[in-house]
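Copied over from Swiss-Prot:
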MOD_RES   T3  phosphothreonine
BINDING   10-17, 23-24, R62, 89-92, K100, 116-117, 187-188  substrate binding site
ACT_SITE  H11  active site, tele-phosphohistidine intermediate
MOD_RES   S14  phosphoserine
ACT_SITE  E89  active site, proton donor/acceptor
MOD_RES   S118  phosphoserine
MOD_RES   T121  phosphothreonine
MOD_RES   Y132  phosphotyrosine
MOD_RES   Y133  phosphotyrosine
MOD_RES   S135  phosphoserine
MOD_RES   T152  phosphothreonine
SITE      H186  site 'Transition state stabilizer'
Amino acid sequence: MTTHRLVMVRHGESLWNQENRFCGWFDAELSEKGAEEAKRGATAIKDAKIEFDICYTSVLKRAIRTLWTILDVTDQMWVPVVRTWRLNERHYGGLTGLNKAETAAKHGEEQVKIWRRSFDTPPPPMDEKHNYYTSISKDRRYAGLKPEELPTCESLKDTIARALPFWNEEIAPKIKAGQRVLIAAHGNSLRGIVKHLEGMSDQAIMELNLPTGIPIVYELDQNLKPTKPMRFLGDEETVRKAMEAVAAQGKAK
C-alpha cells in the first residue's frame, strides 16, 4: 500500500547546457528554454494538484530558480526551502567551462568517454590556475565546508557519496513522518537518489539520464521503496518523449 509520494525535478536547461559546456559547480543561469521548461513542469504539478510541506534544492541558481518557478506557479511560495551543497551537480573539476569538442581536442575522445561514462573515474582536478577555481572554491557559500568536504573534482560515485547521507539523515525521515517533499536538483545528484530508491546497479544508473524540467513522481511504501515505476508529469506528448528518451538511454548507441 502506498503511503508516501516524492516529487523530484531536474532543473531546466542552463546557458552552459545550451553551449554544451561542462557546468558542474559553476553557477550558470537558466536559458530561455530552461525557464520555459521550469514553467511547464510547474504547470504540470499545479494541474496534478500536488502540494508540498518542505522543499530541498542545491546552492546553485539553476536549481533554485526552477524550484522558485514551481512554488510560484503552484502558489506555494511560503513552503520552507532547504538549500544544501550536497545536492549540487557533480563537480567536473578541470573540465569545468570546456565544451565537448574542446575537451576531446585537449584530452582525446576515448578519455572523455571514460570520464563521462565511468561510474568511479573522476575527471582531472580543478587546480588553482583554473579560470573558475576562485569563483567556485573560494565562494562564500562554501565557507562552512571542511577542506576535505570541498571537492576539486568528482566521479558519479563521489557525487552520490556526498548526496546520500543528506537523503538518509534529512530527507528520508521527513518523508517517513508524512511530509510531502519536493526536490529540485541536478542530473547527477538526483541519479544518486534514484539509484538508492530503485537499487540500480552502477552500470544501469550511468545509462539513466533524467529529462530537464519534467517532474518525476515516486509512490513509496513505508520503507521508502517504490510501489510503482517512476512517473513523469506533463502533457501526453511531453511525457511520451521523456519516457522514450529514458528508455533509449539503456540501448547501445
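For all residues, glycine too, the Cβ spot is worked out from N, Cα and C.
The structure, with features from Swiss-Prot marked on it.
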residue : record                             : contacts (Cβ under 8 Å, 6+ apart)
T3      : phosphothreonine                   : L220, D221, Q222
S14     : phosphoserine                      : C23, A28, E29, L30, S31, G34, R62
G24     : substrate binding site             : E89, R90, H91, Y92, G93, L95, T96
S118    : phosphoserine                      : S155, L156, M206
Y132    : phosphotyrosine                    : F26, T96, G97, M126
T152    : phosphothreonine                   : H91, G93, P125, M126, D127, S137
H186    : site 'Transition state stabilizer' : R10, H11, S58, L60, A63, L87, N88, E89, R90
G187    : substrate binding site             : R10, E89, N209, L210
For R10 (substrate binding site), name the DSSP secondary structure in the helix/strand/coil scheme.
strand
The binding-site residues listed are E13, W16, K100; by CA-CA distance, the one closest to S135 (phosphoserine) is W16
Cβ-Cβ under 8 Å from W16 (substrate binding site), same chain, 6 or more residues apart: which ones?
F22, C23, F26, A28
Rounded to a whole angstrom, what is the C-alpha distance between T121 (phosphothreonine) and K100 (substrate binding site)?
17
Top of the recorded positions H11, K100 by count of other CB atoms within 10 A is H11
Same chain, |i - j| six or more, Cβ under 8 Å of E13 (substrate binding site); the result in sequence order is L30, S31, K33, G34, E37, T212, G213
Name the residues of the same chain, 6+ apart in sequence, whose Cβ is under 8 Å from the Cβ of Y133 (phosphotyrosine)?
M126, D127
